[in-house]
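> Please read through the structure below; I'll follow up with questions.
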Amino acid sequence: MNNARTNAKRRRLSSKQGGLSISEGKESNIPSVVEESKDNLEQASADDRLNFGDRILVKAPGYPWWPALLLRRKETKDSLNTNSSFNVLYKVLFFPDFNFAWVKRNSVKPLLDSEIAKFLGSSKRKSKELIEAYEASKTPPDLKEESSTDEEMDSLSAAEEKPNFLQKRKYHWETSLDESDAESISSGSLMSITSISEMYGPTVASTSRSSTQLSDQRYPLSSNFDHRGEAKGKGKQPLKNPQERGRISPSSPLNDQTKALMQRLLFFRHKLQKAFLSPDHLIVEEDFYNASKYLNAISDIPFLNYELITSTKLAKVLKRIAFLEHLENDELYDIRQKCKNLLYSWAMFLPNEPSIKGM
């Protein structure tokens, strides 16, 4: 009796739905869901199949999909957000001039020979630079694979990275902050920021200025920034004219005061890193005393912005110190808590998004 009533209800409900039963309706939606999941898995698998030296297309902000070569893959965390998950980044070389940059995983896809031929054979209007890039991608150069250090895997570079060499192409050398004989390096393109030494020449580590001199000096605000430390001008400006942009980039000129401020932050970062993160250094009380002075000086610097603390890697060093499991004799100076306080204040009051993407 109960079965008959149940079957009757099912027939009535089926007739209201145009002859489609509930079970049939659910099954009919399954193929689309399966196809969507399959597409997502195929995209993830394609990303995982990318290897060193593969030709790829990269989507950088303000540019079309651009041919490039894959150099390296690594995982990193946001310097300011202590709760963020790991992000997958790729180091790539852009055709035809081989400027390099770090880009996010969702900005990369494989480049096939058929796609190169299709683009070059298309009658659509395209820029001369993009055509040259696709032409150069047909015969990519031989590469020597780069090696990753333990510090990079920990999302902290103890020294500036040394990029690899391309055959028949000259690369810019990058120098370590730990070396005293730093060399002046010519700047790269807007998307090639990986090293302060490449951007601004000799670091403060190679100068003879003392920490007291650096701490006592005040640097007036750069003409490129307003009273809040933000770039002047409203609206998004085109990447084609980096010289006109009110922000720090390798392509925009820096006045002496801004360079001095960058060197000052690099000096503090170098001293803090050497005192607390160097595996061969024995921490003494003088390190705590000096670190306290450095942190106080950093907190007193006006007009800091996201680019200053991330391009100098100061935020990474402070974060690493702040989360040291054990720091003997830190009760008196409370260095770890001071680092956390600085990171918290930056996360609250500085712009959340970097103005240079992919970094």
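Here the Cβ of each residue, glycine as well, is placed from N, Cα and C on the backbone.
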> Can you check which of SER252, SER278 Swiss-Prot annotates as phosphoserine?
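The candidate carrying the phosphoserine note in Swiss-Prot is SER252.
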> For the domain 'PWWP' (52-114), provide the mean pLDDT of the predicted model.
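Mean per-residue confidence for the domain 'PWWP' (52-114): 80 out of 100.
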> Reported in the order helix, strand, coil, what are the DSSP residue counts of the domain 'PWWP' (52-114)?
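Reading the DSSP string over the domain 'PWWP' (52-114) gives 5 helix, 34 strand, 24 coil.
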